[in-house]
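Notes for the one structure printed next.
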């Protein structure tokens with residue numbers, strides 16, 4: 001028997017002042033497939049033009065894939081105030097592009113994203129990359145920014161459908177190479 | 001003999017996560033008049049909807065007044081990383097609204113804004129308010145956020161036309177009540 005279609009489309013974004021990863025998944029809260037993934041690279045452009053480019057390219061992803069919801073990592077701390085100010089501006093550009101595209105925005109803490117995808121809140125970057133590859137049956141290992149964005153999208157997908165106990169069971173420990 | 005028209009329109013913005021002051025001036029680099037001023041208040045709205053509202057309202061000011069340039073205060077430090085992250089996002093929304101409206105963005109340090117308008121880089125808020133009122137011949141004292149925005153616009157106007165010596169001469173000391 002064929003499986004029912006995955007009706008919910010989620011855009012995950014990992015904003016940065018140089019690289020902004022994005023990932024689009026279709027999900028029913030338990031099963032998810034990757035629709036698109038990539039990275040908006042603006043490091044070679046002058047500031048503040050970078051913000052306009054981030055806004056445009058995220059707006060283009062929203063226009064092309066029409067996600068129902070957007071999930072972004074909730075930044076609670078940063079290295080210092082200067083770094084926070086830069087990433088804050090990139091984040092503002094990303095959120096505005098989503099909000100202007102009519103997408104509902106959700107925020108998740110970095111710890112809850114790692115917990116949802118890897119099964120531990122202290123996961124390393126390579127564990128997130130590996131688990132995203134396994135959970136979405138990707139043919140290749142996604143880059144760090146793409147993997148983080150897809151992990152945020154998966155975190156939102158999991159929060160929609162899978163009970164806490166089942167989520168904890170599907171952990172890094174089950175899939176590590 | 002009547003004076004030539006003030007052909008250059010500048011939008012000054014003082015972004016904040018609750019209140020974003022704005023001021024529009026027409027200027028020739030020496031004389032300036034106030035065209036519009038106000039404050040986008042979003043403190044009662046939920047986060048991140050505030051960012052969408054800031055973007056929309058700044059975009060509306062840009063669409064209505066068609067400024068040639070936008071001037072924004074360059075934030076170099078903040079109270080802490082959390083505060084920097086919030087103000088950074090508001091700033092991102094403001095800059096995107098300007099860039100999407102086709103406006104060239106300029107940034108000035110808080111010190112250079114105070115120096116340009118009051119004549120000292122360590123000016124107090126009330127001195128900025130008073131000098132903005134005098135320089136633009138306003139009938140009433142502008143609020144803090146509006147005054148800061150108009151001061152940023154005036155700083156940009158001054159940087160266009162008045163030589164350094166003349167700028168230093170037109171200082172707070174000449175106009176204080």
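Just so it is clear, glycine is given a Cβ too, placed from its N, Cα and C backbone atoms.
What TrEMBL says about a protein is an automatic prediction, not a curated fact.
Keep in mind that what you see is a predicted model, and the values were worked out from it rather than measured.
Database features (TrEMBL):
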- A:14: active site (ACT_SITE)
- A:73: active site (ACT_SITE)
- A:145: active site (ACT_SITE)
- A:14, A:145: Mg(2+) 1 binding site (BINDING)
- A:73: Mg(2+) 2 binding site (BINDING)
Open item on the list: Just to be sure I understand the packing, how many Cβ atoms besides its own are within 10 Å of the Cβ of residue A:145 (active site)?
Closed with: 23
Open item on the list: Can you tell me how many other Cβ atoms are located within 10 Å of the Cβ belonging to residue A:73 (active site)?
Closed with: 21
